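Peer 1: Take a look at this one; I'll ask things after.
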Amino acid sequence: MTLAFTALDWTIVGGYVGALALAGWLSSRRAMTSTGDYFLANHHVPVWLVTVSVLSTTQSAATFLGAPDYAFRGDYTYLASNIGAVIAAFVVAHWLIPRFYAMQVTTVYELLEQRFDAKARRAAAAMYLVGRVLASGARLYLAAIAVSMMIFLDVTAEHIFIAALVLMLFGLAFTLFGGLNAVIWSDLVQVVLYVGAALIVLWLLWNRIPATGAEIADALRHAPDGTDKLRLFDWSTDLTKPFSMLAIMTGVVLLNIGNAGLDQDTTQRFLACEDAKAGKRALFASALATIPVVLIFLMIGSLLHIFYERPDLMVGTATGATMSSSFSGEKITVFMSFILSEIPPGIRGLVTVGVIAAAAINSGLISMSAVVISDFYRPWLKLKGAEPDEGHFVAAGRLMVVILAIALLGMAVLCFWWQRYTDMPLLEFVLSVMAFAYSGLLGVYGVALFSRRGSSGSVILALAAGFGVTLIQQAYIVDSLGLPAGWKSLAFPWQLLIGTSAAALVCMLGRPSQRETGSTLA
C-alpha cells in the first residue's frame with residue numbers, strides 16, 4: 001500500500017523551504033564585488049563549515065537511496081572504501097592544494113595553463129563541464145522520480161517535470177544572489193536534514209523490529225545464503241568486486257583524488273578556506289566525517305534486510321510487509337519501497353525533505369559557473385583587449401548560473417524521454433560519467449605533476465582517450481558493439497585505473513615545447 005502525503009508532511013516540507021530561504025537570505029546580504037567573493041566566498045569560510053559543505057556536495061539522492069540497498073543485498077565493504085578517501089586526502093593535500101593557493105586560482109584547471117598552455121586548460125575545463133552537466137542532470141532526474149513518487153504517488157511526465165523544476169529552482173534561488181557563501185550555508189541546512197531524516201528512519205526501523213540487538217547482529221553475521229552481511233573487509237583478488245581491499249587501494253584511491261583534487265564541484269570548497277593549511281584540515285575532516293554518515297545508511301539497509309527478509313525475527317508483528325521492486329513501471333530501491341509503504345505521516349515529510357536535500361544542485365551550478373567564467377569567458381575578453389571591472393564578471397557569473405540551471409533541467413527531461421524510448425540504460429552512463437572524466441584528468445595531471453613530458457595537443461588526446469577507454473568497458477557498450485564479454489566484468493575501480501593509465505600514456509607521447517621543457521608542477 002502506498003501512503004498519501006498529508007497536511008503534516010506538507011507543513012514539514014514548507015518549513016524546510018522556509019529554513020533554506022532564511023539561510024540563503026542571511027548569507028547573501030553582503031554585496032558581491034568580485035569573482036573572489038562570488039566564487040570563493042573571499043576565502044573567509046571556516047574549516048568546520050567547509051567540511052560540512054563538502055560532505056553535502058559528495059552525497060546525493062543516489063547515495064541516500066542506494067547505500068541502504070547495498071547493505072540490504074550485500075555487506076559493509078562499501079564502508080571500507082573510505083580508506084581510499086583518506087589516502088587520497090594525503091595525496092591532494094601534499095601535491096595539489098598548496099599549488100592551488102600559491103597560484104591563487106579560481107578553478108583547478110588553471111594549473112594546466114602554467115604547465116602547458118591555455119588550450120590544455122580549456123580542454124580540461126570542458127571535460128569537467130560535460131561530465132558535470134550529464135551527471136548533475138541525471139541526479140536531478142533520479143531525485144525528481146523519488147519526489148514524484150512520494151508526493152504525487154505516480155511517475156507521470158508532468159509530475160516528474162514539476163518535481164525537477166522545483167528542485168532546480170531550489171538550487172538556483174540560493175546560488176544566484178549569494179554565490180558560494182550562500183551555497184555553503186545552505187549545505188549546512190541540507191546536511192542537518194539529510195542526516196536527521198536518516199537517523200529518524202533508523203530509529204523507526206529499530207522500533208519496528210521486535211528482536212534484540214544481539215539477535216539482529218547474529219542474524220546479519222549468519223545470513224540465510226551463508227554470507228556475513230556485516231563483513232567490512234574483502235581481501236579477495238576478484239576483479240569484479242568494486243570494494244575489495246585491492247580495488248580500494250588502487251581505483252578507489254584514484255576516484256577520490258579526482259573528486260577531491262580535480263573536480264571543481266568539490267575542490268572549490270577547499271579553495272574557500274583562509275589558506276592552504278585550513279584547506280588541508282577541511283579536506284581531512286570531510287574524509288573522516290563521511291564515515292559515520294555512510295555507516296548510518298548501511299545500518300538502515302541492514303535493518304531493512306531483517307524487516308523484509310527475516311520473518312523469523314519479526315514474530316509477533318502484524319506488518320505483513322512485502323518489498324516491491326518497482327513502482328508504476330520504475331525500478332525502485334528497497335529504501336524507496338519502505339518509504340512509499342511503511343513510513344507514517346510526518347516522518348514521511350521529513351524523509352522527503354531528506355531526499356530533496358540530498359539532491360541539491362546548487363554546488364554544481366556555482367562550480368560550473370566558475371569554470372565557464374574563469375576558464376573561458378575572462379580569457380576570451382582578455383584576448384580581445386577588453387578589461388571590464390569585477391562587477392561585470394559577477395553579473396556574468398549569475399547569468400551563467402541561470403543558463404546552467406536550465407541546462408540541468410533539460411538534461412533531466414532528456415533522461416526521462418530517453419528511458420522510455422530506448423533500451424540503452426542511459427542513466428548508468430550519465431551517473432558514472434564523472435568517473436569517465438576523471439580518467440582523463442587523472443592521467444593528465446599525473447603527467448603534469450611527475451614528468452616533463454606532454455604537450456597541449458597530447459593533453460587533449462589524453463582527455464578523450466581516458467573518457468573513451470573507460471566508456472568502452474561499460475556493459476551496455478560492450479553488448480551493443482559485440483565486444484568480448486570479459487570486457488564488461490571489471491568493477492569500476494579497475495575501469496578507472498585502466499582509463500587513467502591509458503590517458504597518462506597518451507599524454508606522455510607529447511613532446512614538450514621549448515616553453516615547457518624542464519617544467520613540472522611538483
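Glycine too: its Cβ is placed from the backbone N, Cα and C atoms.
TrEMBL lists these features:
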- 6-26: transmembrane segment (TRANSMEM)
- 47-67: transmembrane segment (TRANSMEM)
- 79-97: transmembrane segment (TRANSMEM)
- 129-153: transmembrane segment (TRANSMEM)
- 159-181: transmembrane segment (TRANSMEM)
- 188-206: transmembrane segment (TRANSMEM)
- 243-262: transmembrane segment (TRANSMEM)
- 350-373: transmembrane segment (TRANSMEM)
- 393-419: transmembrane segment (TRANSMEM)
- 425-447: transmembrane segment (TRANSMEM)
- 459-478: transmembrane segment (TRANSMEM)
- 490-509: transmembrane segment (TRANSMEM)
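Looking at the shown structure, what environment does each listed feature sit in?
Peer 2: Beyond its flanks by at least six residues, the transmembrane segment (6-26) meets 170, 173-174, 177-178, 182, 185-186, 188-189, 193, 345-346, 348-350, 352-353, 356-357 of its own chain at Cβ-Cβ distances under 8 Å.
Here the transmembrane segment (47-67) has Cβ contacts under 8 Å with residues 78, 139, 142-143, 146, 183-185, 187-188, 190-191, 194, 198, 259, 265-266, 269-270, 272-273, 278-279, 281-283, 285-286, 289-290, 293-294, 297-298, 300-301, 333, 335-336, 354-355, 357-360, 363, 431 of the same chain, all six or more residues outside its ends.
Proximity of distant same-chain residues to the transmembrane segment (79-97), defined by a Cβ-Cβ separation under 8 Å and at least 6 residues beyond the stretch ends, is recorded for 108, 232-234, 243, 245, 248-249, 252-257, 259-262, 267, 270, 276, 279-280, 283-284, 287-288, 290-291, 294-295, 298, 449, 521-522.
Within the same chain, residues 32-35, 37-39, 133-134, 136-138, 140-141, 144, 157, 160-161, 164-165, 168, 171-172, 175-177, 179, 361, 364-366, 368-370, 372-373, 377-378, 426-427, 430 sit at least 6 positions outside the transmembrane segment (393-419) and bring their C-beta atoms closer than 8 Å to a C-beta of that stretch.
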Peer 1: May I ask you to check whether the transmembrane segment (350-373) and the transmembrane segment (159-181) make contact, with contact taken as at least three Cβ pairs under 8 Å and only pairs 6 or more apart in sequence counted?
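Peer 2: Contact confirmed: at least 3 Cβ pairs fall under 8 Å.
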Peer 1: Look over the recorded stretches 188-206, 243-262, 490-509 and say which has the most C-beta pairs under 8 A to the transmembrane segment (459-478).
Peer 2: 490-509
